[in-house]
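J.: After the structure tokens below, expect a handful of questions from me.
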Amino acid sequence: MTRKYFGTDGVRGRVGEAPITPDFVMRLGHAAGKVLAHGAKTGQGKPTVLIGKDTRISGYMLEAALEAGFTSAGVHVLLTGPLPTPGIAYLTRALRLSAGVVISASHNPYYDNGIKFFSADGDKLPDAVEAEIEAAIEEPMVCAPSDDLGRARRINDAPGRYIEFCKSTFPHEQDLYGLKLVVDCAHGAAYHIAPHVFHELGADVVSIGNQPDGRNINDGYGATAPAKLVEAVKAHGADLGLAFDGDADRLQVVDADGRLYNGDELLYLIVRDRQAAGQAVPGAVGTLMTNMAVELALKRQGVEFVRAKVGDRYVLEELNKRSWTLGGEGSGHLLCLDRHSTGDGIVSALQVLAALRRSGKTLAQLLEGVRLFPQTLINVRVQKGFDWQSHAGLQAARAAVEPELEGRGRVLIRASGTEPVVRVMVEAEQAEMAERAARRLADALGA
């Protein structure tokens, strides 16, 4: 399906530039409201949507625009204020609402923002519904009669409800007493949520990245910038550090020695913990970028591994297709569908902590069987529109390289979606093997 406005994770861009302008966002809210009203069942009354946001200064402006759009279409609005993206998904489902909307650009800088929708079930909107909304945006915006306008009000207990939900995903027989955690909230939506979750379960919590000012979200803190977390873990003598991104749907973990663990390793850890608890795990889903060492380690444990396109949306699609529950990507998007309908950094952290408590081991001990393969990435500049798949020299080089790597590495070649570059990535057991193979492939492209 060709999309004009919706990307793989909603509508996103630079604030003040199309499409992230107040007038467009109001039209977007109105269009989504019309689609929801049209699909509402007879006798259910007006649809109601939940709107949450992260801590970007532009969130106030875009929240007001969305509110105007929805209410002008005859849709009621509930406002949560700053709340993690997965919190909006949870509350949308728990409150039996028509849809949820998040104003966030996730891990991007503060000057970007975006709009993401959740269905009544707390899932990403189906493509067909997004297509309906895009079509409705192009129609004239007609305000509902005064008697049919929607109302807007704030939910004052949204953070508390979500905190209790997060805690409910942690085993009731376990607690976090005696554990010292550093929690990095990226000056984002989890700043007033995550520390409370872990503290209420018994942990001694040191918070960093928890003073948002509207412009410092993701700036030197959080899952995409873990250096300060590593420093804080060592400085405070903490057992573990947890880093979330701006909307708290990603997780990175640091151990007491300052070693960083990414989403690939954490996915393996959670799968193994489910198995240790006696739960059958027939398969797990990663992406094209998931480290091969994780795939091989899972297969040794009898777990089938499937690769989706990059993006948690596609991981979720593959999980649903197979009725599996566990998936994720190296960036820290982890899906535990037996706990939540969407990726949730706080819930994922609780699954990691549950594994540590259940086993009595450290992260390093639990992940002894997974040594990530070294990766070599070479970006080769090409002419715009270049078709690397038809390049005879590259295909010949690939045909020679892949048999040498079989069972010990892999090749991934893909075109960049944003610049005239072909990305050549090789993973192998040994760094020298990966570098040699990647250079051979890049040279075949004329690098």
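Just so you know, glycine gets a Cβ as well, placed from its N, Cα and C.
Since we're looking at a predicted model, the values are computed, not measured.
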J.: Just to be sure I read the record right: D245, D247, D249 are listed as binding Mg(2+) in Swiss-Prot. Which of S106, S119, S348, S359 is listed for the same site?
T.: S106
J.: If I take the alpha carbons of D249 (Mg(2+) binding site) and S106 (active site, phosphoserine intermediate), what is the distance between them in whole Å?
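T.: The Cα atom of D249 (Mg(2+) binding site) is 8 Å away from the Cα atom of S106 (active site, phosphoserine intermediate).
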J.: Where does D247 (Mg(2+) binding site) sit in DSSP terms: helix, strand, or coil?
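T.: Assignment for D247 (Mg(2+) binding site) reads coil.
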J.: Enumerate the residues of the same chain, S106, D245, D247, D249 excluded, that satisfy the criterion Cβ within 8 A of the mean position of the Cβ atoms of the recorded Mg(2+) site; list them in sequence order.
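T.: Along the chain, the qualifying residues are D54, P84, T85, S104, H107, G188, A189, F244, G246, A248, R250, G345.
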